[in-house]
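Here is the structure we will look at.
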Amino acid sequence: MEYDYIIIGAGSAGNVLAARLTEESDVSVLLLEAGGPDYRLDFRTQMPAALAFPLQGKRYNWAYETDPEPHMNDRRMECGRGKGLGGSSLINGMCYIRGNAMDFDHWATMSGLEDWSYLDCLPYFRKAETRDVGANDYHGASGPVSVTTPKMGNNELFHAMVEAGVQAGYPRTDDLNGYQQEGFGPMDRTVTPKGRRASTARGYLDQAKSRKNLTIVTHALTDRILFDGKRAVGVAYFKGESAQTAKARREVLLCAGAIASPQILQRSGVGPKDLLQRLDISVVHDLPGVGENLQDHLEMYLQYACKEPVSLYPALQWFNQPKIGAEWLFNGTGIGASNQFEAGGFIRSRDEFTWPNIQYHFLPVAINYNGSNAVKEHGFQAHVGSMRSLSRGRVQVRSKDAREHPSILFNYMSTEQDWQEFRDAIRITREIMAQPALDKYRGREISPGLAVQTDEELDEFIRTHAETAFHPSCSCKMGEDDMSVVDGQGCVHGMEGLRVVDASIMPQIITGNLNATTIMIAEKIADRIRRRQPLPRSKARYYVAGSTPVRKAPLKPAS
């Protein structure tokens, strides 16, 4: 079969492109997805509070593992990636965070990326979004992505933890995606008004899947991209055990994410020549940056016992779960309708940082992100991690076999700045937790525990316990330097008819969760593919810290 466009990967970016390109009825699109449908009756992916479940199996999760990480006690660390219609938006934590305005302004200082400034990107964030409280200069009200804001009457620990951050001397913000990201405040989530996960399959594909010019093939594992010289002309893929090919008249659009996109490029003969020759892969184009510059967010949990019986601990007990499930299923309300990340914040840990370098997610229960190691008592925790680590990793294909996972090394914690930021983060978090707003709730420190105090003790805790925030990115970065893979429109350097459009093309990781920005990138490049005029630049005001101090004097100084 032949199509105008073939999209590889029905994830956060691929579904945006599929929906936008097929708005033109004379354009045909084939969307290939290695996973299955997003089964709407499967509570594991549809109930926000069940977000840990998809990470525990392989039905919706590629379940990659890293190579032994040399600065993390040689641990092989999780690298979960979504599999199925929706991609990682089908299994993520549903935090709707866009990044800091300064992230995009920094991108725009790079050669060839001048139109990626915050004010250039903001109209595309707005285009994608329907926020439940309506539109303003920063938010949309008619986009495919449903965004829900925290409501009065939610867990009181959210409010106490935000208040504690403010009492510790940090700013308060009423919108982490609005005028000012820096500070503590409520956190939006990608959840529908009926309490369902708002993946890009629900938001974008539901609008597009009935169109006759869109063909969606699930359980289609991409083998390689096909070339005629330097031009992409099709895709070879497996449907079960059957080898299939499809031809592309215009372009192949690679949207497989920061792990699989470089893997597919390399397997197709586009990447570092030495690696490809070592694996007996015919070199189509020597492009050394493919798979390099890999970045992620690392985070830790600081956990506390809760003296008041107000945490979500009872919701973890099996005998309470049928009632929670029924309320969610029939009413779309209650504990099940929230991801429980309803408060958080961004701060600068030192004056040398010109925009926030530390992120917080507050959670009114003590448990690991993947649902393991739940504390068997009332508790709460702060997830804290650095935002723009200087550590750089890589993704490398291991063989020609499409079913073999690649070699992944993030090289976490490879610089002294990493260690300084995480030590600072733990000590600052302890100051926040010691503020009067939490006196009523705060019991003993469960993890890391008050015995862990010196730099050496903190470092060992970090090495042993820090985990991925599941934000791999930047492995096919856009730009014009020698290690760039694509230009500012996603076109692969030195090739024709081939783009990469996903989190892998970020030149530097953003300050926050990646899903919203990945959707924005796809919306922006969709206009380029369609040769449309970009949306007019926003004129919204936004906060720049400048010489503003990192914090005011805390209400309760560190003891």
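Even glycines carry a Cβ here, placed using N, Cα and C.
Your range for region 'Disordered', going by Swiss-Prot and the list 56-76, 182-202, is 182-202. Remote same-chain partners of the region 'Disordered' (182-202), defined as residues 6 or more beyond its termini with a Cβ less than 8 Å from a stretch Cβ, comprise 10-12, 15-16, 38, 45-48, 84-87, 89-90, 94-97, 100, 131-132, 144-150, 158, 161-162, 165-166, 170-176, 328, 331-334, 336-339, 341-348, 355-356, 360-361, 515-516, 519, 543, 545.
Each of the binding-site residues Ile8, Val16, Leu32 was assessed for Cβ neighbours inside 10 Å, and the highest tally belongs to Val16. With every protein chain in view, the residue among the binding-site residues Ser12, Ser28 whose Cβ has the most Cβ partners within 10 Å turns out to be Ser12.
A simple Cβ count within 10 Å picks out one of the binding-site residues Asp4, Glu24 as the most packed, and that one is Asp4.
Look at the region 'Disordered' (182-202): DSSP puts its residues at 3 helix, 7 strand, 11 coil.
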